[in-house]
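Pulled from TrEMBL, these are the listed features:
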BINDING   A:Asp74, A:Arg223, A:Tyr227, A:Tyr228  L-histidine binding site
DOMAIN    A:85-296  domain 'Class II Histidinyl-tRNA synthetase (HisRS)-like catalytic core'
DOMAIN    A:317-407  domain 'Anticodon-binding'
There are 2 protein chains.
Amino acid sequence: MQIDEEVAKLLALKAQLGDDGKTQFVLKTPKGTRDYNPKQMAIREKVFNTIIRCFKRHGAETIDTPVFELKDFDIAGQYDAMIPDAECLKIVHEILNELDLGDFRIKVNDRRILDGMFAVCGVPDDKFRTICSTVDKLDKMSWEDVKKEMVNEKGLSEEAADQIGEYVSMQGGMDLAERLLQDHKMSQSKQACAGLSDIKLLFKYLQLFHVTDKVVFDLSLARGLDYYTGVIYEAVLTQASAVSAANEAQNCANAEESVSVGSVAGGGRYDGLVGMFDPKGRRVPCVGVSIGIERIFSIMEQKAEASPEKVRTTEVQIMVASAQKNLLEERLQLISELWNAGIKAEVMYKKNPKLLSQLQYCEEAGIPLVAILGEQELKDGVVKLRVVATREEVDISRADLISEIKRRTEA
Amino acid sequence: MQIDEEVAKLLALKAQLGDDGKTQFVLKTPKGTRDYNPKQMAIREKVFNTIIRCFKRHGAETIDTPVFELKDFDIAGQYDAMIPDAECLKIVHEILNELDLGDFRIKVNDRRILDGMFAVCGVPDDKFRTICSTVDKLDKMSWEDVKKEMVNEKGLSEEAADQIGEYVSMQGGMDLAERLLQDHKMSQSKQACAGLSDIKLLFKYLQLFHVTDKVVFDLSLARGLDYYTGVIYEAVLTQASAVSAANEAQNCANAEESVSVGSVAGGGRYDGLVGMFDPKGRRVPCVGVSIGIERIFSIMEQKAEASPEKVRTTEVQIMVASAQKNLLEERLQLISELWNAGIKAEVMYKKNPKLLSQLQYCEEAGIPLVAILGEQELKDGVVKLRVVATREEVDISRADLISEIKRRTEA
């Protein structure tokens, strides 16, 4: 699969591992925004915040809105290149987990394994690229059709195509990399062996990161061969499906009861491509990730449409309400205390709003809590805290109110 | 003072109080960004986050990056208009407090008080606007020069000018509004009385919000007369100054040991101006605030330059370090635990980095904590937690590590 040009590459992470002993990650987002309604914006903001929070957790540095950079430190001398690669996959895993888009897989392969595989299967050097782009169609076409294209359109021998067919049906983990290192054909390619050793190392780190549940070493992954030079990966959402038979027809060894519903992230190692950024013009090895943020937005919007839950467009935690007339000043005093304690709070601008209309507003706006003030509550030094969803009400002393609100609204 | 066109009006808050019973606030930021270095971006991000956090605390709704909206609710029937005005001033107070730019004052006045004052001082109707723009120069010119301009250039009688001079030297709070309501001249103007009553009400709410320490009712404030129709306000930074004599020369009744170093926020009520937005074409009363974000950036950058403290460009809380060789896997396992717990953590990508270089990196990057793993710590099930600033080291059990890091890095 070529790098999906459709997907707005809103966030791209480049990890630059220089032989001059520098490391940096850069995340890029395109300029320009469109106009969205409040619900769409709430979803967009949630996605952005999740991604930015994740990047910051991994040491990201803001260098320009909306560009982030994960700060470099000197790693002169020996370093282990697969560590940042593993961190990129961990970042994708964290983001997709947190966004709760549904089940996903992160397919991993390596440019060198693909090239080595083509070589040992007897693909002529000058056909690597064109055969690779046919392999890349395996997620949309059956193996039979892919083979037909290789043989009939691209002039590959049937024998070579069959050998490729065997390899590209393979999926697994570290075990598969180990098996292929022993494979009588694959082991003839130095390039393939280098790639397979790196895949092994990658999986070792991924195990330490506890993310191997979602990562699959998949020899049919063939994205961006013009671009990437080492490890490549692509995250796809999967969903329970009745078409697993179709999967099996594609010779998937690990055929699952799931089907890909589209790529949402991808990346890989592209050593040398950003050599132009190195002041001395040297080749700078990089790993990167681009997040298909527009596709993620659409999926989140569809999910929100289908869900009975309302998308909240504000983050207000509590409404300060009154049960009787002439309590405007008491409401303003209380809401000021809440604002000063960092609590997101709203109050009706009417002098004497009806309690019912205040409660109805909370239900409509999805505000989870109401602090109700009345003569009795003021006399007792308490606030009636109402949980909007359950309509449960409990008196809380003014002294405990802030910690109680924080406790009840903690994410 | 006219609305400062120099200051990029990056955030504008409009509170729309419709007679159709709707309320909404809209914050606008201009499109387009320039390129900044990581330190500038860290400062910009801090400013943005402070402002956005404040807006969200007050119920802001994102309608477009970077536009926010504070959601409307139905307030059909009677409502008290000064409440959102007071909330705007509270918002400005919170933002300037949190940004810690130095001492500030929020000057408040009312278009109707200015108009009434000009009327009772004998300014002809058709000279209101031009005389107002001369009053607006009082923060840059002495009263003598302002008077000269009024009399010599604008043809105002000396008597009228002197009467204006008396009023515009007045500063105070609710007490001043009360005094002026009794003033034999001012009380002749219905307009002025309406404005003064609203200023009284505003101060009542500001007292409930505990922000009157910074708010001054200042009759010389004359911003945006073409634009605003009611309450107007402007926040200025003040600084201890040896030129208080100059202030006194300007007839400041409440002359303080401080001098304005520039407007950083302003706004007011502009009823009717956005009538075009109302579907029925009715006049929609609004209050708004615009934050002089570019000026705030410059001030923050100057402060950062002058401060011995480094501006941090990442938010990393802890470095996972090793004291001996061959602990890469243990470091990766630990940092994965920290990431999963939401802690911002970094690790060196080298297999065997020197402890000293790991500690040096933390000092340079301003990372406050180091979690050091060694053979002994692994045996004991602990991590050596080092506080970079004090070099204090303490063993923390693995079970307590996350809560200990959170406790020590809480803002």
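Glycine residues also receive a Cβ, built from the backbone N, Cα and C atoms like all the rest.
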Through the lens of DSSP with three states only, how would you label A:Arg223 (L-histidine binding site)?
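Once the DSSP labels are grouped into three classes, A:Arg223 (L-histidine binding site) ends up as coil.
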For the binding-site residues listed here (A:Tyr227, A:Tyr228), which one has the lowest count of neighbouring CB atoms within 10 Å of its own CB?
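Looking at the binding-site residues A:Tyr227, A:Tyr228, the Cβ with the fewest others within 10 Å is that of A:Tyr227.
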What is the number of other Cβ atoms found within 10 Å of the Cβ of A:Arg223 (L-histidine binding site)?
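Other Cβ atoms found within 10 Å: 22.
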Helix, strand or coil at A:Tyr228 (L-histidine binding site), per DSSP?
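In three-state terms, A:Tyr228 (L-histidine binding site) counts as coil.
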Just to confirm my parser: what is the rounded mean pLDDT across the domain 'Anticodon-binding' (A:317-407)?
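Summing pLDDT over the domain 'Anticodon-binding' (A:317-407) and dividing by its length gives 94.
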